[in-house]
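The active site, proton donor/acceptor annotation in TrEMBL covers B:Glu260. The Zn(2+) binding site annotation in TrEMBL covers B:His259, B:His263, B:Glu289.
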2 protein chains.
Amino acid sequence: MQQTFINYVKKMQNYSEALSVIYWDMRTGAPRKGLEQRAEVVGTLSAELFALQTSDELGKILSELQNEKLDFVTQRLYEEVKKEYDESKKIPAEEFKAYTILKAKSEAAWEDAKGKSDFQIFLPYLKEVIDYQKRFVQYWGIKNGSAYNTLLDKYEPNMTTDMLDELFGELKATIVPLVKAIGDSKNKPDTSLLFKHFPKSGQHAASLELLKQLGYDFEAGRLDETVHPFMIGLNSGDIRITTKYDEKDFRSAVFGTIHECGHALYEQNIDASLNGLPLSTGASMGIHESQSLFYENIIGRNESFWKHHYAILQKHSPEQFGNVPVDAFLKAINFSEPSLIRIEADELTYPLHIMIRYEIECEIFNGDLQAEDLPRVWNEKYEEYLGIRPQNDAEGVLQDMHWSDGSFGYFPSYALGFMYAAQWKHAMDQDIPNFDELCERGELAPIKDWLTDKVHQYGALKKPNELISEGTGEALSAKYLADYLENKYSQLYNL
Amino acid sequence: MQQTFINYVKKMQNYSEALSVIYWDMRTGAPRKGLEQRAEVVGTLSAELFALQTSDELGKILSELQNEKLDFVTQRLYEEVKKEYDESKKIPAEEFKAYTILKAKSEAAWEDAKGKSDFQIFLPYLKEVIDYQKRFVQYWGIKNGSAYNTLLDKYEPNMTTDMLDELFGELKATIVPLVKAIGDSKNKPDTSLLFKHFPKSGQHAASLELLKQLGYDFEAGRLDETVHPFMIGLNSGDIRITTKYDEKDFRSAVFGTIHECGHALYEQNIDASLNGLPLSTGASMGIHESQSLFYENIIGRNESFWKHHYAILQKHSPEQFGNVPVDAFLKAINFSEPSLIRIEADELTYPLHIMIRYEIECEIFNGDLQAEDLPRVWNEKYEEYLGIRPQNDAEGVLQDMHWSDGSFGYFPSYALGFMYAAQWKHAMDQDIPNFDELCERGELAPIKDWLTDKVHQYGALKKPNELISEGTGEALSAKYLADYLENKYSQLYNL
């Protein structure tokens, strides 16, 4: 029965992989006129995958496995598949189908509303999506007394609002005064160099060089261009990334590429024995983000890294960087200032954007915040946390697409990822005391190997809390990120 | 039942399309390390597609449709699906499975054998493939008294050896003396300009410009690079082509691109109502090749075309072409000489390569030629037809992969395509008497529109013989290709 189970799971995974190839293709240059018919293909394969995921045959296999003694990997596989199976089966098929249709409409309405900066266009769909999610939570069951915990668990297993309240509280206590102090400081770096013209071909070449330096395996991946950068793991030997070239702001490509590279290194280094199984993926959204943010921030915004790698940018954009010393470059890329758009925020203010969203989501699912009140609440919270107020819905409540497709509970992963990343760094310092020296010499392999040892190799075999406890010797704490930010920004701004 | 049938067929077509996306991806840059697991995905989808193609459910639908009155499109769809269904069902499932495994091994053995120029490595597999094909012919049934007719019909419906013998006989009577006369002629064009360095980026840019000129729709396609150029129709809004850049011989990219563009224009201009159905493809291999060769040879090796478009090459490789007059360029690209490798042959000698293969295939399936005798027979025929003899198997009997995967009956399509192309041109001359004038002005749209009207729009709705008869007023004849070659080469070489 175990082999039957594994074959069945591999078949599902093969459908997933086919859908991923098609998804990647649609994002990276599939011709416009073929997309409508391609959607039919996606529909056919998705329907078959859903049928496999919810079949009576799978139900029978799972119930027979209950009584068998399983090895560790098969046991974890069983748990993951069972969890998804139960979640799917708990929702009445008709309701799930209606929700799928609603989501497509809601995403389109959100896009339209954002374009016109008019929340009212999106509101009726958002209300419905929230209603569905609230009902789904009832079907799935309330976790530890909080409806929002049920949603959180989908992205970050075992995470709860109690834990988040504490983590975010501690972080907020560090960040808010820092942001204030920087705002009051007379020390303003010159950021004009960021916005000079950097030709796309040069950015592309620089991205390739950086990826090579970071240890990205081009025999198990490729770099392409998309409007929104992403990493996609097709299988463990095919982990692709995309980036975006803005000729007036190289940061989008350079830091985007480094970020996606962090995600890719994770999936490229999962143990090969998990290939073809759904365990060959990240342990959670938060752990995944811990890898991308480790590379983007801990390495990629660090002085020692650029001491060595700045030459790559100077080579590919000599007019822009040729006469700028690396110190000035570092101050510019670490410039911090409250801003309205999450994805453009600097690393210091970024967690505040997440806390705002987290609080709002909690109030929707655990409290009685209504969808129609979101723009007002949103703007008030921006004023409270960041001291600035959106002038319209597009730069406010409509900026992110997450709510349009019902991804409530996802946002905290971004901040959790940063906290995990800082904690990995603290633990790494014990094993690799010469971290900065290695970065300065461009020898990044030992850093990647440490992360592979503690995180990558396990894929989804371990839970996030297991990984962080076993890898760092303690449960997740906000302390390390708070320390990292405190030290770094006090120094940068001479506070 | 008709709607059930159409939905069923569309589902099969969606699986095909998914497999095509994956195939294209594997050829155009999928990372090496992901290919093994991707093969599992292909296996899963292919197995499901095969199950759909041979299911009892489909059998029931088809038998119920027999008694229904169908509109023209559904009737044709029914015939195509029924034909494939019957062919698949006639072969015992176990035998088909064993053959599929053999084919994979045979292809690998052929590659190995070709690399080592050793026919003996390939021989045992080839024997087995031939045995299978002979048995399959028995299952499918002998057509008009000839086993080879059964194979021919798979690629060129309604074509027979009787017809081919006559067509090829007439063509041979023209070509052989022409080749002889050219060989004896003192008139040798200077071809050195062909082999000058033409950077890849310039060839790419020139290919894009030529495609645009020829009417290729980039909103329904894209151009990529592969080792072996091909056209692949994913759906009617997504018809992709690939080409190959040889910096020491631009002809591979330029004529390859024009050739694949001819295939692509066919599929981009099939009537939209057939989209998502298996009828949205070419009528046959021969008709498909008639479009690619119309573009590659009739247009692409024509004086009037280059009078206008030579500037594109001059722009992208000025050192190579800047001081070469178009007349010298035309003589060089139309240089004809007996050679050993089919895919590198010029248009005049090319049909002889096909006739050799056709005669050998006939002797295998209708006579008693044994696989072990193929190298000897091959070499004798090259000596007889082209006056040259391969020095080894790699440049002789092992050069093409077609026999390794059992594609017996395919080769004639290439020569048929050229004959169709010349006949289309003859008919086009009645409707577009100023063909050369249009080419000289770079106004190619009326030419494409004529082909769309006579050929493209119908997809596989009509049979090859219907298309050529209705489009040109008579059955396929070798006369027009013979005339085309006779006129062109007499003039080029002052015979």
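Backbone N, Cα and C atoms are what each Cβ position is placed from, and that goes for glycine too.
Computed from a predicted structure; not experimentally measured.
Features recorded in TrEMBL, as mapped to the structure shown.
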residue  : record                             : Cβ contacts under 8 Å, 6 or more apart
B:His259 : Zn(2+) binding site                : B:Pro229, B:Ser292, B:Leu293, B:Tyr295, B:Glu296, B:Gly300
B:Glu260 : active site, proton donor/acceptor : B:Pro229, B:Phe230, B:Met231, B:Ile241, B:Thr242, B:Thr243, B:Ser292
B:His263 : Zn(2+) binding site                : B:Met231, B:Ile241, B:Gly282, B:His288, B:Gln291, B:Ser292
B:Glu289 : Zn(2+) binding site                : B:Ser413, B:Tyr414, B:Leu416, B:Gly417, B:Phe418, B:Tyr420, B:Ala421
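Excluding B:His259, B:His263, B:Glu289 themselves, the residues of that chain whose CB lies within 8 A of the CB mean position for the Zn(2+) site are, in sequence, B:Met231, B:Glu260, B:Gly262, B:His288, B:Gln291, B:Ser292, B:Leu293, B:Tyr295, B:Glu296, B:Gly417.
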